[in-house]
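Chemist: Before we start, here is the structure in question, set down as structure tokens.
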Amino acid sequence: MMFLLTWKTVLLTFLLASGVLSREQNQATETQHPVSGSTLTTTDLSEADMEFPLSPATERWGGVSGGKAAGASEWSARVKAATHRALRWLVKKRDANGAWGNHTHQVLLALQIANDSHTDALSVPPPSLETKLSEKEMEIQILLALGRPHETVPEPGQLARYSLALESLCKDPRKFHGHDLVALIQHHEPQQDLEFALTALAACSSSAHVRKRQIRRLLDIASAAADHNVDTIAMVVLALRCIVTDHRHRHLQHFVRRPARGLARQQGSRGGFGSARTTALAMQALRDMDDAALQWNRSAAEEWLLGLQTPEGAWGLGEGDGPGSAWGLTADVALGLAWRGLAAVRDLQCDSKRVGNGGDHKDERVEYGSEGPKIAAPIGLTWTTEQESESPNVSITYTLWHGQDNITYSHSITLVCPRNTSFYSAMLMAADMDAAFEFEASDWPNGHYVHTLGGKKEDPKGYLYWLLYRLPEAPDVQLPPGNQHVAPVGVDGLTVEDGEHYLFWYKKL
């Protein structure tokens, strides 16, 4: 325990030194303008000091579909007040380290996106000292999750949530202290449809390429909406709405309408779509959809959620799981009530000056809707030039299997390699990272011949050898690849390609 605390303290000190300004430099500005930033940040401010100015952008809440509700201005004011009360409650619950336990990423995302105190709807003002502290604490949590020895990487859904939170803070999840979170997400495709849709949304929100196979799976889920729950369809609609903003996929817009209409029909007579979290997610999926046939009552959904809010501003305090569970639920519901939610993450216009290490950097984010990807500053790395950013690394997965008809051993690792790396070099990287991938090879004139991997040596007498497969998708023990996927060249002549999967299979010939 002492080792973990010491290591965490050292890491926090390093991270803070890389970006956090001193309290003395910021205190005067924060006291003068307590709500000028993008998130509520100062826990000592009075209730009056922490009130938000009424934003004209919130007037879009006035529209009601398929139902009778209170007047636009009255209802907008009620919802705004409830959202602000929720954000204030969350700020008060921040601990001494600037965190909210395991829900830090959820809360930071909500504070960044749901806060409407800035003038420009898509702008992201510089963070305050307290927000920077919370950001660094979240980075530590992610690094601890990624760096646990003898454990696999976090689940793709959890990585997707981390990625969305980082994007909302204008931090690039593809360059997170040497880790590419988006590549990890895309190379470990979840079996559960809800988690898969979440990973697709996270990849799209980071302007990463969403593969055709992934889009096809989303469309398959959407076409069978009746077979899925509200959460899954809402997340699929959010993911598809993000994907069709890309000019290459605009022809898919009509595929979004059918599941969205089915989702709208799931609204209950009291306004909710199920639980508070489910209702908030459905509201985000249906928000501002341009479809005359879409019949749902946003005001009724808002009123139902407001009826569940505690006087303090939280949701979920009475569920018996302690205040920690209420932090995450309150953050999620605030995104549903706010005038923008998860769909806004991709749209954010970031000033990359504030997260780089060098100071006077050019803002290389491109305007939403223009050609080219959105660019956020890397985390924990020196900001590179535009020419360097156009030569990205490639991300692959490398798997070991033992067994013939029944796979008795399977172990995988994700690698980020420079372009034009040979598979032999990738094997050396894997061996340095994980002892399970240590190998022995004979050096022949035509290259290296691998005969031992992870301590398991080929057995010519038993006709057992290591065979290398090059696969377009992650290997499935239930559907082993055929011989047509055996690599056509040796480990030295095989150049790794982005998104591909490489399998070394110990089997009988």
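Every residue gets a Cβ built from N, Cα and C, even glycine.
Bear in mind that TrEMBL entries carry predicted annotations, made automatically and left uncurated.
On a predicted model such as this, the values are computed, not experimentally measured, just so you know.
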Chemist: I want to verify the bond table. Which candidate from Cys242, Cys350 sits on the other end of the disulfide that TrEMBL records for Cys204?
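Modeler: TrEMBL says the disulfide from Cys204 goes to Cys242.
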Chemist: Radius 10 Å, atoms counted are CB only; among the disulfide-bonded residues Cys204, Cys242, which position scores highest?
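Modeler: Comparing the disulfide-bonded residues Cys204, Cys242, the most crowded Cβ belongs to Cys204.
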Chemist: Test of understanding: give the count of other CB atoms lying within 10 angstroms of the CB of Asp231 (cyanocob(III)alamin binding site).
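Modeler: 20, counting other Cβ atoms within 10 Å of Asp231 (cyanocob(III)alamin binding site).
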Chemist: How many Å separate the Cα atoms of Asp231 (cyanocob(III)alamin binding site) and Cys242 (disulfide bond)?
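Modeler: Asp231 (cyanocob(III)alamin binding site) and Cys242 (disulfide bond) have their Cα atoms 17 Å apart.
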Chemist: Please classify the secondary structure at Cys242 (disulfide bond) using three-state DSSP.
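Modeler: In the DSSP reduction, Cys242 (disulfide bond) maps to helix.
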